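Participant: The structure that follows is given in the form of structure tokens.
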Amino acid sequence: MAAALRVAAVGARLSVLASGLRAAVRSLCSQATSVNERIENKRRTALLGGGQRRIDAQHKRGKLTARERISLLLDPGSFVESDMFVEHRCADFGMAADKNKFPGDSVVTGRGRINGRLVYVFSQDFTVFGGSLSGAHAQKICKIMDQAITVGAPVIGLNDSGGARIQEGVESLAGYADIFLRNVTASGVIPQISLIMGPCAGGAVYSPALTDFTFMVKDTSYLFITGPDVVKSVTNEDVTQEELGGAKTHTTMSGVAHRAFENDVDALCNLRDFFNYLPLSSQDPAPVRECHDPSDRLVPELDTIVPLESTKAYNMVDIIHSVVDEREFFEIMPNYAKNIIVGFARMNGRTVGIVGNQPKVASGCLDINSSVKGARFVRFCDAFNIPLITFVDVPGFLPGTAQEYGGIIRHGAKLLYAFAEATVPKVTVITRKAYGGAYDVMSSKHLCGDTNYAWPTAEIAVMGAKGAVEIIFKGHENVEAAQAEYIEKFANPFPAAVRGFVDDIIQPSSTRARICCDLDVLASKKVQRPWRKHANIPL
């Protein structure tokens, strides 16, 4: 009897315990369902950014949203977002209210792929607080930049921001500095690209300025330190946003931006094409594309492209298109310092950097702006192991007080320094004039050019015949005869060739074949330089 009672008591306790367990399980399941619902709600909220009304306003401005831009830039389905649930930490000025909390804050960050190649990206969301930068916003950007440096992958920033978030005060300024530091740390390690797709003002402008390439969208993007209202109050100048910091200003006058595109879609599609020229990092080679353009292809039209009259202009871009693969050339800064041409192309499938003087503009003279433009490009190519092809037709440095007062000596030295410092394969082709110090600067043999060619039309000399005759034959009765004598002796490729300053005098039609062959040989080039902390380029 007693045993039966004990069994009954144990059974009762077990029944109570089981009931409690069932209740606990139901509670846990309910909690899990609640958490999952919250997660999904947060995701839906994050995907909407600042809400449908603000998305509609963004579209009315002719602009895509932050997420639409990422979707168009990256391969379909490749985007892996990070920090979607991050929110700002500001509690002042009513910012702690739920209505002022947006999952992801005002920037979308993550990684994805462009034509199968890894890239990290951040896209500022103008629909959330005007894309303004908070401490959390900066933290998200810094996190993906750190990851990109660690794994060796490029960073692309899609900028559309009203500036620092005033409510956060100095924390926003600290956030900018954190980003700037990473821009500098990543420089020369991974490619960094900025695409300005809206406003970018105040301290925000320095991050794009520190990146390797800055592109803009016409009519909707602006870059300036201080806006029109501040300019008016300080200098009494009346200027519009477009005039002060629009795409035209920065691609034609300041040189801050490298190219401008018609709209968001055009910009993002071109950015995908541009990305294909670049290596993932300084430790990786540039991608090699299958080439259907024969490497030994002759270009007969080049034999007559240089005019017989040395003062007559021609278009160096035509020469570049003729020798590169499939005539494809992605020019950088095409509307700034037009007397020098820089850009990317492929030779037998390999990415190469092209530098060339433009006889159509200022006779191809080097000046302050062209020297800085060329130097910056050469240094990028050298940092990322991209071979350099240089086409030379340069009568010298542009004379005048404006150039001298502006510091042409220092700025011209930048281009010289960049070519001398570069250890990548360097092939130089002198098509016509190579006069004076400008001859030395343009990737000459004396600056460790690997292969230096001259066309039969090349004139390699201290200066042009007219100027030389006025000095050498001053007071000579027959000036024309003296000039002819000088041309015969010096204004041709032979004086340089007999001294080994050019490796060969080639027929222009064979230029592509010779360059492709040289690049094959130079692919294994290695150069050891003395150790130093860093160089001191004449800034």
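Just so it is clear, glycine is given a Cβ too, placed from its N, Cα and C backbone atoms.
Relevant sequence annotations retrieved from Swiss-Prot are reproduced here:
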- 32-290: domain 'CoA carboxyltransferase N-terminal' (DOMAIN)
- 294-533: domain 'CoA carboxyltransferase C-terminal' (DOMAIN)
- SER71: phosphoserine (MOD_RES)
- LYS99: N6-succinyllysine (MOD_RES)
- LYS99: N6-acetyllysine (MOD_RES)
- LYS248: N6-succinyllysine (MOD_RES)
- LYS474: N6-succinyllysine (MOD_RES)
- LYS474: N6-acetyllysine (MOD_RES)
- LYS489: N6-succinyllysine (MOD_RES)
- LYS489: N6-acetyllysine (MOD_RES)
- 32-533: region 'Carboxyltransferase' (REGION)
- 325-358: region 'Acyl-CoA binding' (REGION)
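I'd like to know what surrounds each of these features in this structure.
Facilitator: Under the DSSP three-state reduction, SER71 (phosphoserine) is assigned to helix.
When Cβ atoms from all protein chains are considered, those within 10 Å of LYS248 (N6-succinyllysine) total 15, not counting its own. For the recorded site, LYS248 (N6-succinyllysine), the DSSP three-state label reads helix.
All protein chains considered, the CB of LYS474 (N6-succinyllysine) has 8 other CB atoms within 10 Å.
According to DSSP, LYS474 (N6-succinyllysine) sits in a coil region rather than a helix or strand.
With a cut-off of 8 Å between CB atoms and residues at least 6 apart in sequence, the same chain places PRO495 near LYS489 (N6-succinyllysine), listed in sequence order.
For the region 'Acyl-CoA binding' (325-358), the residues of the chain that approach it from at least six positions outside its boundaries are 213, 251-253, 255, 258-259, 273-274, 277-279, 286-293, 295, 315-317, 319, 364-367, 369-374, 377-378, 380-381, 386-394, 442-443, 512, 515-516, 519-520, judged by C-beta separation under 8 angstroms.
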Participant: How far is it from SER71 (phosphoserine) to LYS248 (N6-succinyllysine), counting Cα to Cα, in Å?
Facilitator: 27
Participant: Which residue counts does DSSP yield for the region 'Acyl-CoA binding' (325-358) in the helix, strand and coil classes, in that order?
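Facilitator: For the region 'Acyl-CoA binding' (325-358), the helix, strand and coil counts are 3 helix, 20 strand, 11 coil.
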Participant: Average the pLDDT scores across the domain 'CoA carboxyltransferase N-terminal' (32-290) and report the rounded value.
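Facilitator: On average, pLDDT over the domain 'CoA carboxyltransferase N-terminal' (32-290) sits at 91.
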Participant: Specify the count of other C-beta atoms within 10 Å of the C-beta of SER71 (phosphoserine).
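Facilitator: Taking every protein chain into account, the count is 16.
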